[in-house]
Amino acid sequence: MAKILKFDEDARRALERGVNKLADTVKVTIGPKGRNVVIDKKFGAPTITNDGVTIAREVEVEDPYENLGAQLVKEVATKTNDIAGDGTTTATVLAQALVREGLKNVAAGASPALLKKGIDAAVKAVSEELLATARPIDEKSDIAAVAGLSAQDSQVGELIAEAMDKVGKDGVITVEESNTFGLELDFTEGMAFDKGYLSPYFVTDQERMEAVLEDPYILIHQGKISSIQDLLPLLEKVIQANASKPLLIIAEDVEGEALSTLVVNKIRGTFNAVAVKAPGFGDRRKAMLGDIATLTGGQVIAEEVGLKLDQVGLDVLGTARRVTVTKDDTTIVDGGGSSDEVAGRINQIKAEIENTDSDWDREKLQERLAKLAGGVCVIKVGAATEVELKEKKHRLEDAISATRAAVEEGIVSGGGSALVHAVKVLEGNLGKTGDEATGVAVVRRAAVEPLRWIAENAGLEGYVITSKVAELDKGQGFNAATGEYGDLVKSGVIDPVKVTRSALENAASIASLLLTTETLVVEKPAEEEADAGHGHGHGHSH
């Protein structure tokens, strides 16, 4: 396939046009008075959203050179979303401003490499300043404010704060669609996994079709159990120790005579046991069984560690205050494991999360962490139409990510003002000279853009507002929702510092790449077949 090339200034200008097309689409959504964007879908109803990354993902530009620029900014939005879960529009606006200011200087003869050096130094300084001014949050009211601001709905804020309160900061909060109106909070304490009983005969509560075991022993077995001879010695020990104590069996599978014997004993009322399959597959199953063992104070019975089912005693069994098993789920509440061991296991999983590159692995590790650390909260969301439901669900997910980011690194004043104050550390250009100093100045000028566009979307004169905010003290700023200046943190206009930092760092990283670009290579578009046949006066009857 033939390629076409573009060089120097032409190349950079084409990239800039692409950046502008994408950024101009996204920046109308920034701030409390931001507008919506409607995205056409080939199938189903159109999507209405004001979420930067959702819009960015949909934009493809016709001109192949410009498209490269648009895709680069898309990367900024996606990366910021992955790290902090919010701030995608801010990142896009910053990237556009950095590219615009930077290219002006490159066109005027500045060295791209030195500019990049200056930009990097400035971003590092601003990032450190933001962290230094951040305020840690642990109050429920602060959490509600962050979440409410991200979702643009104070009721959602309260709900997320409630959920965070219940599951702790490592807990899992998921969003599900419900077929009723409004929002509901569903909390599962303890460890839940998605495997239910192997036979409906195990049910103890006929009405709710669930088996509830109070204060049971818990047997955790890595392989299959099919022969009753393997299980009998242990069952006899359990009955001798305490005949009324139920037993939960978690194994790869329980089948054949082992299962039928357990069922018969349950029906006769001689012995109460429930068998469930182990959650997960392969290595993840091993890890999850290990988690359950740590939580309940038991041991995983596996031949590889020298434990055989027909030779073990009661010391390998775990315990819990209560276990509830339904057709699809098992929940273990208040496992009998030692809190030190559980804490050790939690730290081990946290270390794995730090070291993994795969998003999928990270997500699964976080699920395991949450199950050990506290519990799972499900927020059920309902709406009148499919379109509204999608939009609400999306807003909730964003708000949860923003809240996590806030709990992690703290908060700064929102509404774009934190950046305006933080770039004051760049006055004097960090002692740099020449083109490096110009790079620092580029960041200083670009950092006011998010605030400018928040003001513009509210129908005001952007640069007038930014220069006014720059004169105020730290923490003071402009509240676009009310049109007033004042202490933003007090009035609940706050941003997680992680969001603001990630937005600036990702925007700068793409902008400096773009400034140091000299050549673009794209595929030559295929000639349209149709044109060949549509007679240019040849062979048609005239």
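Using the three backbone atoms N, Cα and C, a Cβ is placed for every residue, glycine included.
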Hey, Swiss-Prot has ATP bound by THR29, ILE30, GLY31, PRO32, ASP86, GLY87, THR88, THR89, THR90, ASN479, ALA480, ALA481, ASP495. Any idea which of GLY148, GLY157, GLY410, GLY415 it lists too?
GLY415
Express in Å, rounded to the nearest integer, the largest CA to CA distance found among the ATP-binding residues THR29, ILE30, GLY31, PRO32, ASP86, GLY87, THR88, THR89, THR90, GLY415, ASN479, ALA480, ALA481, ASP495 named in the record.
20
Going by DSSP, give the three-state secondary structure for THR88 (ATP binding site).
helix
Taking every protein chain in this structure into account, which of the binding-site residues THR29, THR90 has the most other Cβ atoms within 10 Å of its Cβ?
THR90
Tertiary neighbours of ASN479 (ATP binding site) (same chain, Cβ under 8 Å, six or more apart):
GLY415, TYR485, GLY486, LEU488, SER491, VAL493
